[in-house]
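Pulled from TrEMBL:
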type     : residues : note
TRANSMEM : 12-31    : transmembrane segment
TRANSMEM : 43-74    : transmembrane segment
DOMAIN   : 46-463   : domain 'TRAP C4-dicarboxylate transport system permease DctM subunit'
TRANSMEM : 95-116   : transmembrane segment
TRANSMEM : 136-164  : transmembrane segment
TRANSMEM : 176-203  : transmembrane segment
TRANSMEM : 215-236  : transmembrane segment
TRANSMEM : 257-280  : transmembrane segment
TRANSMEM : 286-304  : transmembrane segment
TRANSMEM : 325-346  : transmembrane segment
TRANSMEM : 400-419  : transmembrane segment
TRANSMEM : 439-467  : transmembrane segment
Amino acid sequence: MAGKVSNNSLKILVVLYSLYICIVGGLYFAGMFDAGNTVEVSIFMFASMLILMSTGLPIAFCLATVAIITAWIFEPNLVNMLLFQFKDFTLESGKTLICIPLFIFMGFILHSSGIAKDLFDAVYLWAGGLRGGLGMGTVLICAIMAAMIGVSSAATLSMGIIAVPAMLSRNYDKQIATGIVQAGGALGFLIPPSIMMIMYAFVAQESVGRLFAAGLVPGIMLATMYVIYIGIRAYLHPDVAPALPAEDRGTFKDKVVALKYLVLPSCIILGVLGCIFTGVTSPTEAAALGAAGAMICAAIRRNLTFKCFKESLMRTLSLSGFNAYIILGAIVFSAVYSGLGASSMIREALTGMNVSPWVVVVMMQLSFFLLGMFLDDIAILFLCMPIYVPIIKALGLDPVWFAVLYVMNMQMAYITPPYGLNLFYMKAVAPKEITLNDIYRSIVPFLFLQAVGLILLLVFPQIALWLPSLIFDYLQMLIYPDLLFSKLDVIIQYPGLYKVLISNPQMLFDAGNMTNILNNSAVADVLFNNHDFSSFLLNSSDFVKMLVKEDWLVQLPQMNEFLQHHQQFLQDHQQIKLLMQ
């Protein structure tokens, strides 16, 4: 019977697809299409996407089919157009995507190792005595799993199997129990190593490390908002999320012993993210280390069996292949859409609007919401970002901040009824008494919190930007001083970096480096107005030697003005005073 249904469905798909081809072909030969009309191109491509997707065809197939048919109609020279549009997708830029299957493999190995069960046992002991404690602890576990795995579905499925039955057996309300896991499981979109962030970095040519750092604070912010909501609701309505009875809370010794379950997750998280944030390794190398670390973790727990390895490998191949097909289809769709001038038309329309840049950003967020109703998040990424990112840069806004806005939108789509994927993952593992309507209702409060988080990020961009700036514009300068001379503007934001300069006099008193400082008037003002930095220069024999050897330096306006303000130095060094005349 199942085979007959499958065959009938396939026949219907073939008929509908053939009908679509016939209608489009008929319109083409009837001369109904204008090759120079970019509005017509946009309407045709997106209307065709809706038609094909309504047949149930895979989204990757729909994207590629619409692109090829559109190019056939509006631009017969398809090959040349695709080659021109693909010129930016080089082998070098494609290296960013290599870390995706490595992070996915790491996630599945950890998922199979049973680490989620150990984490829940620790939370059960430490937080179970609080009202809503199991729920708050589940959010914490989801955040930890997001930082280890990067695949949102893994946290939802794991905690749906482990945490939901445990909460229900302790008289938790079924809606709050399922809502907690769905919302917490989606944190993997923001908390690194996020697969979506890696794909965004590939499309927008941004730093993976910066995007990871940018998503970390908003992810923690959302998790904190969830915990506060659970705590307040449990306090106001104790029957919704009751505390565990005293006999189930364990002894203090049990709680201390349970802390050992946090050691391996902490090592993996700190190892992977630490390597990326400090610049010790590239994201791809960190992903490889993470995958190796996950296997070591599973081996320590005696769960690294051949079956576990094989299943993790096959699931990685399946998910990576699925993503690759969508990426390929979206790239072809985007290439045709851009090649026919439709992208430029949208870009010019948005930049030509006499409105505030914030209005444009809000319009983009609304477009994400509308496209999310019928397109996959990866498809939206490859369709929109080649258009939107140049606009964001032209408006003087930060593309890293915009990346976090996009990812938060996709995270909301992931848990929004009726088609959010996390809702169906939850239904697949939830106890039978929980209906789909229960799952729909359970997520509403968390969607509201997500919306509040998105608005906060819109109004206060520094929520996302301060950590990347701290790590890559300050801490890395302390670790790698030679980088500072290629990014001198950082000193304006972090004046304390003058200490790096005076700690490395051999670089500071290089004529080329000093010239770079003097040619950047804003940086020179910050440094020369700093008493400690000025005193270091005036009392350094190397500074004097540099000025005498490279006498043209004293003629540069910034240096000349600095020396004129320190007449005692000139009196003590008459040779330099003569050079200034």
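Just so you know, glycine gets a Cβ as well, placed from its N, Cα and C.
No curator has checked TrEMBL annotations; they are predicted automatically.
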Exercise. When each of 43-74, 400-419, 439-467 is checked against the transmembrane segment (215-236) for Cβ pairs under 8 Å, which one has the most?
Worked result: 439-467
For this session: Grab the same-chain neighbours of the transmembrane segment (95-116) for me: Cβ-Cβ under 8 Å, and only residues 6 or more beyond its ends, written as numbers and ranges.
Result: 141, 145, 148-151, 154-155, 157-159, 162, 193, 195, 198-199, 201-202, 208, 261, 264-265, 268, 283-284, 286-288, 290-291, 293-295, 297-298, 301, 303-304, 308-309, 311-313, 315-317, 319-320, 323, 327
For this session: Report the listed stretch (176-203, 286-304, 325-346, 400-419) having the maximum count of Cβ pairs within less than 8 Å of the transmembrane segment (257-280).
Result: 286-304
Problem set entry | Recorded stretch that, among 136-164, 176-203, 286-304, has the most CB pairs under 8 Å to the transmembrane segment (400-419) | 176-203
For this session: Please work out the mean pLDDT for the residues of the domain 'TRAP C4-dicarboxylate transport system permease DctM subunit' (46-463).
Result: 83
